[in-house]
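Noted in Swiss-Prot for the protein shown:
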- 11-28: compositional bias 'Gly residues' (COMPBIAS)
- Asn41: N-linked glycosylation site (CARBOHYD)
- Asn359: N-linked glycosylation site (CARBOHYD)
- Asn574: N-linked glycosylation site (CARBOHYD)
- 1-34: region 'Disordered' (REGION)
- 77-97: transmembrane segment (TRANSMEM)
- 105-125: transmembrane segment (TRANSMEM)
- 154-174: transmembrane segment (TRANSMEM)
- 186-206: transmembrane segment (TRANSMEM)
- 216-236: transmembrane segment (TRANSMEM)
- 263-283: transmembrane segment (TRANSMEM)
- 309-329: transmembrane segment (TRANSMEM)
- 373-393: transmembrane segment (TRANSMEM)
- 424-444: transmembrane segment (TRANSMEM)
- 463-483: transmembrane segment (TRANSMEM)
- 490-510: transmembrane segment (TRANSMEM)
- 520-540: transmembrane segment (TRANSMEM)
Amino acid sequence: MSSNEAYHEPGAGGDGPGGSSGASGGGSQRSNQLHHQQILNETTYLKPAAKQAYFSDEKVLIPDDDSTNVGFSFRKLWAFTGPGFLMSIAYLDPGNIESDMQSGAAAKYKILWVLLWATVLGLLMQRLAARLGVVTGLHLAEMCYRQYKRLPRWILWIMIEIAIIGSDMQEVIGTAIAIYLLSNKVVPLWGGVLITIVDTFTFLFLDKYGLRKLEFLFGTLITIMAVSFGYEYIVSAPNQGEVLEGMFVPWCSNCNSNVLLQAVGVVGAVIMPHNLYLHSALVKSRDIDRRQTKKVSEANFYFFIEASVALFVSFIINLFVVAVFAHGMYGKTNNDVVEVCKDKSMYEDAKMSFVDNVNGTAIIDADLYKGGLFLGCTFGAVAMYIWGVGILAAGQSSTMTGTYAGQFSMEGFLNLQWPRWCRVLVTRCIAIIPTFCLAMFSKMEDLTSMNDILNAVMSLQLPFAAIPTIAFTSCAAIMGEFVNGLGNKIVSILLTIVVIGVNLYFVVVQVENMEIKGGLLALVCIFAILYILFNLYLVIHMAACMGNQRLMNSRWVQRFVLPSQNSFSIKNANSTYARIATSSDQEPEGLAGEDA
């Protein structure tokens, strides 16, 4: 029996650990076969397939310090360090950097507290995703494969793929703009878009050199971003008192609708749907003995500390960007920036980019390219090139983690494993074709303004990651003793409602700004109805996961919502992934050579 059978959808009639054993003789043997098939289908010890992303060749061993009776071990923390920092890169992609710029230019430091609390909310959601992977040994997409019917599972996969491709387009745009700046416009935007194809495949082969070396590379890219944007923060020297006030005073006096929209955009940019799928899979790279409750608790503890540190670093980097452009661009018009650039080499570029209206009162609409020009005019060419290096690091690191997220999504939802190069070729081509056309035939403004549309698209996908995460981590049959408590459930649901509501508001405003009419408006309305209905379906499933007996006993819910023909399901509370301790490497007696 191949190791890939651990991914097959369970067949009918399998008995859980608490189920009946059947008759003696042949019935008993068949019962044992079915019980073993359940273990193969739902084991926490998944033998990595040859093409599985990220951790196919090795797992990081966790040092055993139990004999020394050490309460907190930095050796163990170091062993668990890696997945959280890879996850945090999604908080630092070019779309986030541009959102930081725009919020600083529009509201100065007034909505820094929104960035802070959005990061905290993101941490709480990432904690749930990581716990799911640690406790069950299955990541979020693999769990969706087991817990949803075929049609909703496919819809979920399509939605997450849209989010991944949207994020990939932002990364392509950011990388192309960075190359354009660093090459002093020698490499055109469309050339930078094409270069992203080549460099992505180059990076894909780096994980062949070892898991820890790959994680070190990601850490290096984060360090480059911290140094680059930290340099800009130091040379711009914003008022530290105002920065602290903006962080810790949750208020925004004299803020107009544009500032409110920027605040909503910050939340939408920070909390990325595909990142929950990514993080739940990355934690599987550590060798954790799930048969021991103590080891699982320990892993949850150290992963949470690591994620907290990683997101703290990402928050500081985002803070640097907001503060730099809040200090330099807030309240200024395009003409003000052009005046600053008057005696600089980038004066002509500034005149073409910072175009003012007739009255000379147009407020700056910040984007990645304009940010580089502004820094170059204000602090010299070195500042512009350092900005370009930071954006390049953001684009490259996000590209790689996006590739892994796509690989995990495809492996989990479809039980399909493609080689990484094939997966990247398909995703990257889908992202590059529209981006290349814009870069080839449109202006820089069209390329950068696409980020707003992409942020709106990704905001729509958030429920398709948040609701399954809360549902599975709140299900006792899945999480065992690690299930969310009542307080955790209430807080998670309330926070998710707030975040999803904020994101939907952002989407509605963006759609209104597009002034959609006629047949296209009718299509948008139909999509909105289907979108609401599917979210309602996911909420019903979540309520059943949380133990709502009325829903679980409903024939309609049993037929259309709950997993069927699955010995492990939310209907079988005696069977938990956390307590299965059988390796799929061993074939039990009576099953050798049998195709289960």
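Using N, Cα and C of the backbone, Cβ positions are placed for all residues, glycine too.
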Segment-segment contact (the transmembrane segment (424-444); the transmembrane segment (154-174)) at 3 or more Cβ pairs under 8 Å: yes
Stretch of maximal Cβ-Cβ contact with the transmembrane segment (373-393) [cut-off: under 8 Å; candidates 105-125, 154-174, 216-236, 490-510, 520-540]: 216-236
Surrounding residues of the transmembrane segment (105-125) on its own chain - C-beta under 8 Å, 6+ positions past either end: 91, 238, 242-243, 245-253, 255, 258-259, 262-263, 266-267, 270-271, 275-276, 307-308, 311, 314-315, 318-319, 322-323, 325-326, 329-331, 363-364, 366, 466, 469, 491-492, 495-496, 498-499
Contacting positions for the transmembrane segment (263-283) when only residues 6+ beyond its ends and CB under 8 Å are counted: 53-54, 82-84, 86-87, 90-91, 95-96, 99-100, 102-103, 107, 111, 114-115, 118-119, 121-122, 125-126, 128-130, 132-134, 139-141, 159-160, 163-164, 167, 252, 299, 303, 307, 318, 401-402, 404-406, 408-409, 412, 452, 455-456, 458-459, 461-462, 464-466, 469, 499, 502-503, 505-506, 509
Selected stretch (most C-beta pairs under 8 A with the transmembrane segment (154-174)) from 77-97, 463-483, 490-510: 77-97
CB contact flag for the transmembrane segment (309-329) and the transmembrane segment (520-540), at least three pairs under 8 A: no
Selected stretch (most C-beta pairs under 8 A with the transmembrane segment (463-483)) from 77-97, 216-236, 490-510, 520-540: 490-510
Beyond the flanks of the transmembrane segment (490-510) by at least 6 residues, Cβ under 8 Å: 121, 124-125, 128, 261, 264-265, 267-268, 271, 452-453, 455-456, 459-460, 462-463, 466-467, 470, 473-474, 484
